[in-house]
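What follows is a short report on a single structure.
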Amino acid sequence: MSTESTEERILAALEEDAQASYAAIAERADVSKPTVRKYIDQLESDGVIVGYSADVDPKKLSGQSIAMVGIDVASEQYVEATRTLQELDSVQALYSSSGDHMLMAEVRAADGDALGDVISDEVLAIDGVTAAHPSFLQERLK
């Protein structure tokens, strides 16, 4: 048996395959199905598991461009700007960051031109947003 805790083994199985059945997770984590169910229910209730998602290869999506956008925000307008960014349909994910930018956003649009329009017309139009630095995703490597 692994030195990882039961919770860590269950979470690792879910991170590898969010669609895995309780039976598959139980086998991988070396616990019973009821134990898996109990842990998952508790982790969801505690807000540790906040959702399940699919990993998407952007190159296989026809007619869609994806960029990770570093966003700089005036400190005094951070909360409101963040709320507004969260409401944009084209922003698929938004993260606070300790790197070069205060926020990192995954932005999707029909193509590169549309993505540029979203950044200039929507993201940069938000009060408090001082700069946006897009990096267009080319190929998923892992």
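Just so it is clear, glycine is given a Cβ too, placed from its N, Cα and C backbone atoms.
When the DNA-binding region (22-41) is classified with DSSP, helix, strand and coil residues number 17 helix, 0 strand, 3 coil. The feature DNA-binding region is assigned by Swiss-Prot to 22-41.
Taken from Swiss-Prot, the feature domain 'HTH asnC-type' covers 1-72. Residues belonging to the domain 'HTH asnC-type' (1-72) score a mean pLDDT of 86 in the model.
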